[in-house]
Amino acid sequence: MQLNMLKCKLHQACVTDTELDYEGSCAIDANLMDAAGIREFEQIHVYNLANGARFTTYAIRGEAGSRMISMNGAAAHLCSEGDRIIICCYANVDESELDRHEPALVYCDGDNRITHQRNGIPLQVA
């Protein structure tokens, strides 16, 4: 059986720009994409921490080192500059491979600098 599992995420990334009339949906600094393992034109899920919007779009490569996260086209209606977001990708993983599956988790500060990376989420306790 195939299960749809978290492949990677950019956690607490900050929207740097919105371009309603730009072709392409979400431009992400190429260094951030590489760190997380996001491929150009890969489907991404965006969760906006500022307004609760959740939507699906695709990633395009932004200039390396720019720290840009630009929401383009229709996605520009769902985010504002300065909004903190989570960008996730999912992948189908065979049930027999689940014990070896480790998502790439990349954590960002307010300037989209990578603060740390890990391959799992700590246990949430009551």
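In case you wondered, yes, glycine gets a Cβ from its N, Cα and C as well.
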**Item:** Co-listed substrate-binding residue [Swiss-Prot; alongside GLY73, ALA74, ALA75] among THR56, THR57
**Value:** THR57
**Prompt:** C-alpha of GLY73 (substrate binding site) to C-alpha of SER25 (active site, schiff-base intermediate with substrate): distance in Å?
**Reply:** 6
**Asked** What same-chain residues, at least 6 away in sequence, bring their CB to under 8 Å of the CB of TYR58 (active site, proton donor)?
**Response** GLY24, SER25, CYS26, PHE41, GLU42, GLN43, ILE44
